[in-house]
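First the structure, in the form of structure tokens, and then the observations on it.
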């Protein structure tokens, strides 16, 4: 009985880990990739047109 319970828990953890569901929060897709990066004047000019 105990072996079956441990086997079910291990299989659940393995499946969730395979699909990428874990304790770490997912990164915010809307976050700036480099928040401390300096603004490049050329990139600003290209954005402004």
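Backbone N, Cα and C define each Cβ position, glycine as well.
Look at Swiss-Prot and you will find 1-23 tagged as signal peptide.
Taken from Swiss-Prot, the feature repeat 'AXPX 1' covers 23-26. The average pLDDT for the repeat 'AXPX 1' (23-26) in the predicted structure is 63.
Taken from Swiss-Prot, the feature repeat 'AXPX 2' applies to 31-34.
As annotated by Swiss-Prot, leucine amide applies to 48, with the evidence given as a curator's inference. Within 10 Å of the C-beta of residue 48 (leucine amide) we count 6 further C-beta atoms, all protein chains included. In three-state terms derived from DSSP, residue 48 (leucine amide) belongs to a helical segment.
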